[in-house]
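Novice: This is the feature table in TrEMBL:
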DOMAIN    9-98  domain 'Endoplasmic reticulum vesicle transporter N-terminal'
DOMAIN    159-333  domain 'Endoplasmic reticulum vesicle transporter C-terminal'
TRANSMEM  30-52  transmembrane segment
TRANSMEM  314-332  transmembrane segment
Amino acid sequence: MGVTLKQVIKNLDAFPRAEDHLLHKTQSGALVSVIGIVIMVTLFLHELGYYLSTYTVHQMSVDLKRGENLPIHINMTFPSLPCDVLSVDAIDMSGKHEVDLDTNIWKLRLNSYGHIIGTEYISDLVEKEHAHHNHDHDKDHHEDSEQKIHLQTLDESTENTIKKVKQALTDGEGCRVYGTLDVQRVAGNFHISVHGLNIYVAQMIFGGAKNVNVSHVIHDLSFGPEYPGIHNPLDDTTRILHDTSGTFKYYIKVVPTEYRYISKEVVPTNQFSVTEYFSPMNDHDRTWPAVYFLYDLSPITVTIKEERRSFLHFITRLCAVLGGTFAVTGMLDRWMYRLMESLTKPKAKTRSGSR
């Protein structure tokens, strides 16, 4: 009975001793061992990097933010318009009249080669009421200015401005506009155009709206700080017009976003999608060319969280990789040993037979 029990326990041994001939060290076994070690080290480093790296989880919820401002970062170049004629206007749907709302916009004068030749800081940006400031139908806006200019002769400063701008157009000057607009967190638009000019002065400079070239390059347009993996679809957008003019409109849907790093740091920002539309100038069109960015906010906020895989998951994958590699190399070693044995035995028999 005792002998039988011992025999049963021996049969449960999962690690029996190998046969003596399998304990012999061979060159083929050394080669397989080196290959196995290289594979295991490579897979270990891969698994370690996989464990240490983070992945992101996206969650969506209703946006409950109130009373916050929306930062708009602008960096654009207008290669065919001097800085003296460009104006930046911001409009929102709140109906409030805000002057210089934490706005920092700079204009850089560029020569025909794109090199900076001057700098100007815009401090007179005005957010105007939407009901009274619609540049799509700016007939009254320009007609009032036209009446005023006809009531008085052009003063010396206006004449100097006209001469200066005409000379800049002749020299091929351009303008780079960059900075930050801090607007209210409601739907609205901002646009860059020549709407800041008096209609009569604009006519004297350009000779008509069809001669205003609003070709532009958008180097950067974003609605908040960057985070890993963000994509701003309007970055590096180039729109150049030849022998035509018109109005560009970019319809933007802003999606509030929070990025949570693995260190618990939270970055509040925004993503956006965009649809582009271009309206060419007609002979009977009373509007002036401009570049509009019309934005609206999504009611859904996206939370992106960085997470790291569990240590238990890492150990499980590591055991599977290392154990599997060891088992495969062991099988390969046995096959190679048997192959070499089968090739050498016939030769040994042949030699003994010839004797």
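Each position is counted from 1, following the chain as shown.
From the backbone N, Cα and C atoms, a Cβ is placed for every residue, glycine too.
Note that the structure is a prediction, hence the values are computed from the model and not measured.
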Novice: Average the pLDDT scores across the domain 'Endoplasmic reticulum vesicle transporter C-terminal' (159-333) and report the rounded value.
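Specialist: Mean model confidence (pLDDT) across the domain 'Endoplasmic reticulum vesicle transporter C-terminal' (159-333) is 89.
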Novice: So if I exclude everything within five residues of the ends of the transmembrane segment (314-332), which remaining residues of that chain have a CB under 8 angstroms from its CBs? That is, six or more out.
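Specialist: For the transmembrane segment (314-332), the far contacts come to 32-33, 35-36, 39-40, 43-44, 47-48, 50-51.
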Novice: Mind checking which residues of the chain, 6+ beyond the ends of the transmembrane segment (30-52), have their Cβ under 8 Å from one of its Cβ atoms?
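Specialist: Same-chain contacts beyond the flanks: 308-309, 311, 313-314, 317-318, 321-322, 325-326, 328-329, 332-333, 336.
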